Structure formats: structure tokens, C-alpha cells
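Right, one structure below, let's go through it.
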Amino acid sequence: MPVRVSEFTWQQTPAEVFLSLPLRGVCVRDADVFCGESYLKVNFPPFLFEVFLYAPIDDGSSRAKIGNDMILFTLCKKEPVMWETLSMPSVDKEMMQRIREKSILQAQEKAKEATEAKSAAKREDQRYALGVMMKIEEEERKKIEEMKENERKKATRELEAWKECQRQAEEQTRIPRKEKCQRGKQAEERGALKPPSLPSKAPPPRLPQRGRNWENIFSEKVKEDGIPAPRSAGSIQISFTPRAFPTALRESQLAEEEEWLHKQAEARRAMSTDLPEFCDLKEEEKNPDWLKEKGNKLFATGNYLAAVDAYNLAIRLNRKIPLLYLNRAACHLKLRNLHKAIEDSSKALELLTPPVSDNASARMKAHVRRGTAFCQLELYVEGLQDYEAALKINPANAFVQKDAEKIRTIIQGTALKSHD
């Protein structure tokens, strides 16, 4: 049986009632407070305090402050009048039970309404976020369509210009051919007007005699042809100007970039916050981006286990964000969980598709971290393959080049020892 507390003090104004209740040395965390319109209860085992109020109060505006082994209530009256007593006079057990049950039902209804309002606000936020995302995607689609239309118009203009050049060239070649045909017709007409004449016997051709100058019979023809001497060998220096114009559409990765942006948008919408295990989390703790930033800060301070916990919760909320797996792989490398680092790096590479310039840096980090884990497991050949894949993405990275050269040296040394 609980011990009922009757020691308390109270004061009032026309608008508020101030009630002070001592906790009798009980820990503040063990105090349970319930407040309704006409009922107030404080349970701090083994003590119990309850009062059936003289008049209704606004339990939504009322406050309770716990501290210094004391609970101070500020109860806001619904009607600004002075009370004769704190508790309702002449209350029997049945009436007390009815007031308790009514207060509990009202509290449950208010809690249900608050939950429904919270769910409605959450659905409205999700609907707004989806609308914004769809609007962004529509703008991107319109931009891409506009680029395609501009490229099509440009190609059409270039084709028309080429056709015009071809037509002009054909006209220029047709005019000399027409003049030549006209001259041939005129010559035929002049030949038809001349009287026919007997053919004269032509003298036989004079054949050259074989002798000292026989080899010079073609000298005149050679001189007439005027064949130039062979050109002298040389080298030509060529310098290319940097490419300052945008990449042509046929050479771009526009389709892959669109697919990557679409995957990113889908990943942002793939949330699992409605599961029962996430109901007790705060709103910011249900945001994978907030958890990722928290994990990054913990990693920077050297608290790798806590960073892994933050990334684990973020991945449980959304399993399609590759940077979460990539950052968790870095934590596993620090903690020497090498197999887990390889798994996370492989999962990140699986999600970082298709390969475009936007995810090149993340893909290079994933290859380097997986290659580092392989090398620490003394699987140098597999590690070198990952480092070479990273160099294909960024060949100018001096640190990766240096590490890859070290791995090659280790592999060559191991091969020499095995031959010996």
C-alpha cells in the first residue's frame, strides 16, 4: 500500500494556483506526474499524492518544475476566480473513481490526437519533399530536353550548310562541262559545212636508229613532264590549344549522369523510419545525413566505435547511400576489422554505379580502402588490383602511385624469395 502524502503548501491568484510538494528524499527520476483538468497525481514510491481539484484547470498550459527535493506546480485556471479550497469538497469513492477514469480517458484522447497530428505533419512534410524533388527532376528534364533540341537545331544547320556547299560545287563543275559540249557541237557543225576531200598519203614515220644516242629518245618527254626532285626529310612541331568549348553531346556521359542522379533521388526517398524500432528516436536521429555528419565528427576525434554505431543506425534507416558504407569501411580499417572493411568497400562500389565524374572521388576512395585491407591481410595481388583501379580513375594522385609502387616491390620480392 502506498503512503499518502498530506504535507503540501499552496497559494493562488485569480489566474493561477501554485502548489509545492516535498519529495521526502526520493530520487527525482522515480517521480511520476499525471495531470488532468480536475485531477492531479504524483507517484514517488513508496509515497502517493493525489488531489481532486476544486475547479477545472488548463492542463496544456500548466507546468511542473522538479528540483531540490521539491515539485513546484503552476496550474492555470480555466476561469479567473479565487478558490475556497484546493480540493473538491465532499467527494466519495465512486466520484473519485469516475474523475480518475475521466481524466485518464481525456489524457489518452489528447495523446492520440497529438500522435495523429504528428503523423499528419510528417506525411505533409514527406509530400512536400516529394513535390520539391519532382519539381527539381522536372526542371532537370526540361533542361536536358532543351539541350537536346539545341544540339538538334545546330546539327540541322550544319547539314543544310554542307548541302549548300555541295550544290554550289556541282554548279561550278556543271558550267565548264556545258561550255565544252557547246564547243564540240560548234566544231561538228563547221566540219559538216566543209566539202569532202581526198585523204593525202602521209609520209611514213621516221624510226630512230639504234646507236650512241638511243638512250636519249625519252629525254624530251622527261623534260616536258618536269618531275620534281624528292622532298628533303624534316619534322613539324605541332602544339594543340586547350579545349575551351563544351563537350559535344555525342561524347558526353549524359545518360549515365541522368541515371546516377535518378539513383541518388531514389536513395534519398528509400527511408525506413516507420519501423517500430525507430519510434523512440528523435527527429534528427531519423535523418541519415545528420547521423553521417555525427559519425564523421566522432571519427575525427578518434572515437571509431561510436562512429560505427552512428553509421550502423544510418544504414538501417537507408541502405542505398554509398557514402555510409564508405565511411564505415574507414572506421573498420582503424579498428583492424579488415574483412568488414572489404565488405563495406565492395558494397559502396556496388552502389556507386554507373561510373560518372560526380562519384569518381568516392569510387577511388573505395578502391584504396579495399586495397589497403587486402594488403594488411597480406593479399598483395588483390590489393594491387584495387590500387591500379584507383589510378585509372585519378592517374595524377601521387600518394596512390607511391603506395602502388611499394606493393609492386613487395610482390616482386616475394616472387624472388619463392624462386630462391
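Note: Cβ is positioned from N, Cα and C throughout, glycine not excepted.
As recorded in TrEMBL, the features of this protein are as follows:
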DOMAIN    3-87  domain 'CS'
COMPBIAS  168-192  compositional bias 'Basic and acidic residues'
REGION    168-212  region 'Disordered'
COMPBIAS  196-207  compositional bias 'Pro residues'
REPEAT    364-397  repeat 'TPR'
Let's see if you can do this one: DSSP helix, strand and coil counts over the repeat 'TPR' (364-397), in that order. 27 helix, 0 strand, 7 coil
DSSP-wise, what's the residue breakdown of the domain 'CS' (3-87) into helix, strand and coil? 3 helix, 44 strand, 38 coil
Kindly state the mean pLDDT of the domain 'CS' (3-87) in the predicted structure. 85
